[in-house]
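The block underneath contains the structure these notes are about, expressed in structure tokens.
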Amino acid sequence: MYRVAAENISPERDASAFYAHSMELSSGLSRDTAASTLPTLGQLLKQVGDVREEATGGDETPGHDQVLVDVGEPRSIPFVLSFNNLTYSVKVRRKIALPAIMRGQRRPSPTEVDSLDGESFSTKTKTLLNDISGEARDGEILAVLGASGSGKSTLIDALANRIVKESLKGTVTLNGEVLESRMQKVISAYVMQDDLLFPMLTVEETLMFAAEFRLPRTLSKSKKKMRVQALIDQLGLRNAAKTVIGDEGHRGVSGGERRRVSIGIDIIHDPIILFLDEPTSGLDSTSAFMVVKVLRRIAQTGSIVMMSIHQPSYRIMGLLDRLIFLSRGHTVYSGSPTNLPLFFSDFGHPIPENEDKTEFALDLIRGLEGSPGGTKSLVEFNKSWQIMKKHTNNADPVDQQGLSLKEAISASISRGKLVSGATNNNASPSSMVPTFANPFWKEIAVLSKRSITNSRRMPELFGIRLGAVLVTGFILATMFWKLDNSPKGAQERLGFFAFAMSTTFYTCADALPVFLQERYIFMRETAHNAYRRSSYCLSNVFVALPGLIFLSLAFSATTFWAVGLDGGFTGFLFYFLIIFASFWAGSSFVTFLSGVVPHVMLGYTIVVAILAYFLLLSGFFITRDRIPSYWIWFHYMSLVKYPYEAVLQNEFQDPTKCFVRGVQIFDNTPLGAVSTSLKEKLLENMSNTLGVTITNSTCLTTGSDILQQQAVTDLSKWNCLWVTVAWGFFFRILFYFSLLLGSKNKRR
Ligand SMILES: Nc1ncnc2c1ncn2[C@@H]1O[C@H](COP(=O)(O)OP(=O)(O)OP(=O)(O)O)[C@@H](O)[C@H]1O
Ligand SMILES: [Mg+2]
């Protein structure tokens, strides 16, 4: 009965009813900023039940109420995440230091002994997680505690499927079923330790973009807005909603607020499992408490919350349900916070009355780590204590008859969770939820909108770029002012073209930091399928193009007439097109590099070096017919070659135009200095000798001769233009592959 009732209601309708209600609630409560009076998602979800009852005319079976979150009442447990015998080791390659070799094989220090496994001294195996087991249930917060370096982040990574399968031993199951990667991406969220946010967007905008990425298209914009507003209230961000995030250079929201925004982005679609790596580090105790309180509320809406935490305060401890204490990758305690005193008194180290429980535990663990036996005794004691507890305490049996994964997800979706276009009437769990919430074009639209908003908030970036292009154009225009058609003028034209074409590429280098800055945001977003990588590449193109058109126009307009280039308006049009194509190819090339280099400085070094080689082999310094055959491949790869040859042809294509006439033949030779009458005599003698009449007005070198001399003969100007454009596409495709291969943020 319940299944039928649940399936009759489309998720969209559910969600809209839910948001309508949450909106009513939040608008009523938003004036009241006290966090305690804000509705929890659990309460909000209760409203869904009421709405659904209205929708079905109250024809609901008690079975449905059972799956509704009702904190405090006993209910079946829909989700149990168990992990068993997780072991993760890495191979550590030691640098072979010269003194060590000379001294022979050095004996490892005692601290290295327990992690040493292999025989070879140059590579050793370090065990970061050692046989860790445990369980987390929805409605609860599982906290991983331990000193720095104990393996907390590693454990969270292991559970969040951020370690490659081959390296991680043991099993992680949800309701007894191994989670496939695609499914995990959709139903879980991982909040990184660092807040990776766009500094110039406001809190509300940041959450709204997240909503547009992660919530399905079927949900109208107003519903998405409502979800964002409800989330802002839930996260206690009402007062900071219109403030920009900020960074080192711009004042923005506080650290605690930023943390909550980071969490908000990842829970926008209401995930079933939420992983957080130290969500409270760097926050004062009140902000930290606020964050954990928010997490508690999220858990109560039917999510599993799992986080690592350095040293929880007394108040925070009160919000945690399960603890795992780690020491050098071993579990030293796992259980509820209330059992902690009993555990340590059984171990023979009772916690003194007036001492903080966690502080005592961490101090004791640290003390043991420093002792000769290490924490081995505590690890062993924990194992036997767990077994003993299992035997003596039958009141807390493992819920064997919990729902299957499919049923649990289905029930969860019908409660309004996982707002990602999910349907609950398919056969397998993985087909219940689509991989991406939105279609391709929608992702491009949202990504472009976000980029444009970002650039509009930082107009100085484009301003600097335009300034650089205009200054270069101005210097070139004045240096090569109104070149004439003499042999010298022709020579100077060649120099102008070589320089102008390579500067268009150099000014593209500032595209380099764009992706490098965004890279980690991109990785976070794509790790959970917020959008496709291809959408990112395309939106990158769409956003860049208008700027490139503007820059090309600015550059060509400042130089074309000032230098006195040939071809009139059609000549200018082609000149503009080829400069635009160069900007396009250059920016694509630099964007591709930004996808593969790890650091801005390295990126600049590579860009500058490669562009210098491109220029060297473009055919300007050494013409194609004189380039050594073993470098000729680089000549064809040179991005500067094609636009350079194109502008040369655009300039020298007119067959009637003359660049060396009569006595000008002696210019640039030692005879250039003699008087004109002598030159005319020489010309006459030459005519007689050669048997052809060469007068002072005879044209000796036309534009096509110059093209021949420069060996610009293999491609027409239009073909050069197309090749340049094609290079741009080629590098964009390479950029896409670099994103595909380079953004796998899993540990090996
Ligand atoms: N790739 C690796 N190679 C070698 N050692 C590693 C590697 N990754 C992590 N470690 C080591 O594993 C241990 C656990 O690291 P982890 O980041 O999980 O610690 P943590 O408990 O999260 O510490 P913190 O509280 O400082 O964040 C550390 O000693 C770390 O140096
Ligand atoms: Mg850590």
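Glycine is treated like the rest: Cβ placed from N, Cα and C.
Noted in TrEMBL for the protein shown:
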type	residues	note
DOMAIN	111-353	domain 'ABC transporter'
TRANSMEM	462-483	transmembrane segment
TRANSMEM	495-516	transmembrane segment
TRANSMEM	537-563	transmembrane segment
TRANSMEM	569-593	transmembrane segment
TRANSMEM	600-622	transmembrane segment
TRANSMEM	721-742	transmembrane segment
Stretch contact, the transmembrane segment (462-483) with the transmembrane segment (537-563), Cβ-Cβ under 8 Å, 3+ pairs: yes
>> Tell me if the transmembrane segment (537-563) touches the transmembrane segment (600-622). I count contact as 3 or more CB pairs below 8 A, with pairs 6 or more residues apart.
In response: no
For the transmembrane segment (569-593), out of 495-516, 537-563, 721-742, most C-beta pairs under 8 A are with 721-742
Restricted to the domain 'ABC transporter' (111-353), the mean pLDDT of the model is 86
Residues outside the transmembrane segment (537-563) whose C-beta sits under 8 Å from one of its C-beta atoms, at least 6 past its ends, are 443-445, 447-448, 451-452, 455, 462, 465-466, 469-470, 472-474, 476-478, 480-483, 493, 496, 500, 504, 507, 511, 515, 571-572, 575-576, 579-580, 583-584, 587, 591, 732, 735-736, 739
